[in-house]
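Contents: one structure, followed by commentary.
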């Protein structure tokens, strides 16, 4: 019988944010493929499984995706059940959708298991509500790192009026700043830059759109980091949020 595959989100880093469904999948797995950004402590839930590291880290040397695909197919004949364990959640900038499609086209049974995304975990740890009545009625999740290195339409995002949560944006802070300002986003819009979201070494740099690039340099912001851009990013700072009846 063919192996069952779980594509599992390991959460943003804090092992206590692992879901119960993810824990059950790890308990059942014979083999676990683990991403570079996954906290090794989650492997306590699969002590007898064979663990294979398949590093995927933006801006660094990574395991090629086609190699991961071939490895997945090879595991089909060698394991009864296995997990591909990814940081955060596999279906938000985690290749979970394309991996599930690739496996299903080859007759492999696949189950996707969501995790808590880093944008939500990091914001929550900094007491930032991504939506807030009278302030922000929506959230837009975007990645600044694309496969073809094309740029997002930041000007359109500036006009959207939602909280922006930007993944993989550290290397493009100046481009993001310029494009949002050109899209008429206010220069004093609050920005929170959150490094190592949910981990004990989490760091937080509060700034504004106009100054976020220079402040990040002084702060020595490093990846992995999340950017939260919008009025809600002023949460926790006295008199920093203005509530509007129309929001």
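Cβ coordinates are placed from backbone N, Cα and C, and glycine is handled just like the others.
As given in Swiss-Prot:
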- 12, 117, 118, 168, 197, 225: S-adenosyl-L-homocysteine binding site (BINDING)
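Known features from Swiss-Prot, placed on the structure.
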residue	record	DSSP class
12	S-adenosyl-L-homocysteine binding site	coil
117	S-adenosyl-L-homocysteine binding site	coil
168	S-adenosyl-L-homocysteine binding site	coil
197	S-adenosyl-L-homocysteine binding site	coil
225	S-adenosyl-L-homocysteine binding site	strand
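Looking only at other Cβ atoms within 10 Å, the busiest spot among the binding-site residues 118, 168 turns out to be 118. Each of the binding-site residues 197, 225 was scored by how many other Cβ atoms lie within 10 Å of its Cβ, and the smallest score goes to 225. Maximum C-alpha to C-alpha distance over the listed S-adenosyl-L-homocysteine-binding residues 12, 117, 118, 168, 197, 225 is 14 Å. For residue 117 (S-adenosyl-L-homocysteine binding site), the Cβ neighbour count at a 10 Å cut-off comes to 24, with all displayed protein chains included.
What surrounds the S-adenosyl-L-homocysteine site, by Cβ distance within 8 Å of the Cβ centroid and not counting 12, 117, 118, 168, 197, 225, is the set 88, 119, 121, 122, 167, 194, 224, 226 from the same chain. Long-range C-beta contacts of residue 12 (S-adenosyl-L-homocysteine binding site), restricted to its own chain and to partners at least six residues apart, with a cutoff below 8 Å, comprise 87, 88, 115, 116, 117, 118, 120, 121, 122, 197, 198, 199.
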